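*Asks:* This is the structure, below, for whatever I ask next.
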């Protein structure tokens, strides 16, 4: 077993058990209070709204404070004592006064950005208009203000587990977040000596004027650097420097260097007494380098100018090396980027609370658009307060940089993921990853092995840096640190230098992000050993200068007037008209053209046409190098192509192209070359490199292993000196016997006969030899010649000294001792069980040594085998390789599955891992505990059993780590259970901790303390599937809590079916008299349908009349239908108490806004006619198989009585109206009404996905079709035949094939308009598909008489466009206009569709 893996597993297990041994703690919480969703940020609100927010927040703080007072007994620590922080409760400033109610006025020290404080105790302690309430100023550590965030205000509250439940569910409380500790991204530290004397007097090898032109900087400063690692020089040059030359170590930067820009660092603290932190006092560049504030949770100490802490502060009560490092990288004089920027340290103790306060401090004191913030801390959970506060600062013009983290993982999961990574995951601040601090010649940079990655990373920078380290008092000592904590402030420093260089630009976060992206060096970072980084932006930070200079090349001027040491000749590049020596690397462009004055006698010169021709010739000459290697090729083809790819010729060609040292770097600016696409991105090149480098790694390892087999054939000692003169001693010398055995083996004999053939006959070695021919003798360090020379001599000595007969006799004894270990070579008839048993034998401690160290375990046999055949030893090496492959390296699935099963069985010691449950009697538990305490059920024993089990050693730890953890967890829990029964106090505390953990998922289900006025939310909780399961059998989910209660260790208020409030909520949330809320998941909208059925009578073959108040608007349809019937189950998305029938609701619509249609199929013949009063313009029609439900939701705000009549069927709907109007017809009408056919049709229809809502074991499936534009009204009347009812037809209206309805005369009564259609309208075919969202009906109108603003069609009223389907004739210029009491619609032409 790999020791490293074992170590990791032990750590995992220790961490796991740690969850259950942690003491119960009280925490500061960030509590968000929201007054109104429409509020703006507090700082942006007008004073009157601020005052209302102040008053609300203060009231809630009083309420919360009262909760803490009333529940102070819940703040008991693990030692049994009350939390000392609650001592504050004993010092409340209340006085007894008659007729006066006293409340606390919590002092808010946070200044307001835009207005003076409204709620200020200095002005008036009585802020209420009601003189009976007196507000007393009070400063509290338990409850205090934090700051406004987004549209809410946050406060800090010190809560126990119990009070947190109460407070977090209070009115106006938006959310609560526990203030945990943040983590530094684990930077590594290495102390070194400072070798940088900054006295490098080397000759100038760079061209300031050329750099100015390239960068457009106002002026250029150069820092000569001799320390390593040199992180700064990488920021100001291209990575494609020629590694055959001396690399330029200078750092080039704009002389403004961040001047006038403020950089805020949120970190450990800052010490300024180092030479790196020069304030340039008394010069024009004098700047600020200070500690501004120390924030520790609720303690905010703003440092005054005359305080010592101004230049020496810490938020962690120890040496703040991390804070010093980030300050140095951002603005240090020697090791930093923006050497003239003001740097401000906000020292914190790394809690969520202190970080929120620090961001708010910067918001209040920083200058928008002139401030950069660097944060090099991380946390592994989503914190809404963080995300919203980042947005606040970014919206105000602050620029924020955050570290990607050092876990070498994708840190960009969504906020609901278990692997969310803050702050990168918020995708708001500019996130910085890290590379190694070196360049790889023509290959660019390499992602640092520790750096995180993913599509939320914006940019990379050097992650290994030199920085000041002076804990021992020296002001010159330095150290090396590595991490994304280092790369982040470097990029923040570059941002500050960009801002100072362009004071005319008002930079914000997004503009800076875009600027850095545009300036970055793209696609030049390698991501070794990572497969999922394709979406990681490949961008390395650059400050604007990319040109490359070499200290060896000081001839930067050329031509007749130059005074360089090479007679004015430019040895590399062209000599321009102005006498500037420019290499191709530095992009000379057309300056190398003769027509532009290039001086050809002093350097290379060309023309536009000549450069194009030269590039074409170069690409043609190097055509063989422009290959794309595929792993699908044959081995021989891959070897051939890799040899070409790795050839010196091609590698030089590639490097010249990538580093712009080719003539093509000039020519491609004037012509597009197809073959140069190969170099636009390095994907093809990197793919070729990976294949040629990694594809044969296995072969390389195998070949090296094959070589090593012959090490024992090499002769290093002839045993002929004076030490070996005694023959008897030599006979017993193990080394001599082993060497004799080696040289006499068949393997070595073959090797001596033809070494090259023996090595290259092995396939992997043959492949490696084809790729790169090697000299075999090199491997053995020229010992082969010596071996071949003295082989015969040594062989003769072996024969003269060793008695082979004795060795044969001793060998037989050895074989008898190990006879149980010998295995047969597996064949096609070998079963999986036999292979598994063979593996267990092969890896048995005794047998494993035999197979892997045969020469030492059976030394006599090893020698005697040369003289006699021993069948057990035949094919021993082949059997060893075969079983090693089958058992360890490449086990078949079925065999690995058996290993896993056998390993898991190791953990299933029921005596140790019994599961406690509520049904267990005291006697049973006592017996199990007695057995447990008699067994060796310790955690360590489990680990020993695990590591000692052969099956476990043959699998990956992750295959069984879950079961192992669970077994150890059960073992540990049972230990606490059993010992607590013996009154062990420590064990009681452990069980109590386990109980707390169990309760967390079900805290929401406890409705004991919920406000009954918030019935909708409470009902949603009550009907939650998990909560219902909990109510049914709570102790199934919280067994440890049951144990605590059972033994009177703790009293827990459990909300379940036996609770009195359960019946209350069951009645309110499920009964016929209340509204249940159902949410349908749709692709375009969410429809919530509360319905109340006032009368429901259902029997076999009966008619049911139902009155259903319904409210529908353009975005939400609400219908709630709790029903109670006998032997009928109505499955809608509402609670019901019926059986044996399923009802499904589907809703087709016909309008350009929202129309819903309900369809309820049942298994019994039931006719339901529903009359519905409504306040909206919706009509819902329901038709089902064997059931007809007609729902009429008439669009009116007037009182109307409508009577609808069909043959042998009467339906009466009584609706409230404002005027008495009677309409007798199938057609409901209004003044200026538009009518359409029954077929619901719109241009835009959105159909929802299926949603399943479970309410008291009832499954509801709904299909909803919704449309957007204006409201349409549709009414459909259908009939169903039943035997004993007032409604009679032949067949149900759902699947009617031929139904003829004739209206001989239609009378339409309206206020001013009357239209009569004397001709008949015949509906030839009606089809309604079962359980679908569309009803199809065709109406043919032979002769239609319409008024100019009124169109009538059978059974429908709708707005806008009228659609008539299937063989329909419509008059061309008929217009329809809708007018109701609330809305008007425009006139449209009738549209006919098929």
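Note that Cβ sites are derived from N, Cα and C of the backbone, with glycine treated the same way.
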*Asks:* In TrEMBL, which of 1235-1274, 1355-1394 is tagged region 'Disordered'?
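*Replies:* Feature region 'Disordered' in TrEMBL: residues 1355-1394.
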*Asks:* If I go by TrEMBL, the feature coiled coil sits on one of 605-632, 633-660, 661-688. Which?
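*Replies:* Result: 605-632 is the stretch TrEMBL calls coiled coil.
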*Asks:* Using the alpha carbons only, what distance in Å do you get between residue 322 (active site, charge relay system) and residue 267 (active site, charge relay system) once rounded?
*Replies:* 7
*Asks:* Within the coiled coil (605-632), what mean pLDDT does the predicted structure show?
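*Replies:* For the coiled coil (605-632), the model's average pLDDT rounds to 90.
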*Asks:* Would you count the other C-beta atoms found within 10 angstroms of the C-beta of residue 267 (active site, charge relay system) for me?
*Replies:* 29
*Asks:* Taking 10 A as the limit, how many CB atoms besides its own sit near the CB of residue 322 (active site, charge relay system)?
*Replies:* 25
*Asks:* Looking only at C-alpha atoms, tell me how far residue 267 (active site, charge relay system) is from residue 485 (active site, charge relay system), rounded to the nearest Å.
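*Replies:* If we compare the Cα positions of residue 267 (active site, charge relay system) and residue 485 (active site, charge relay system), the gap is 10 Å.
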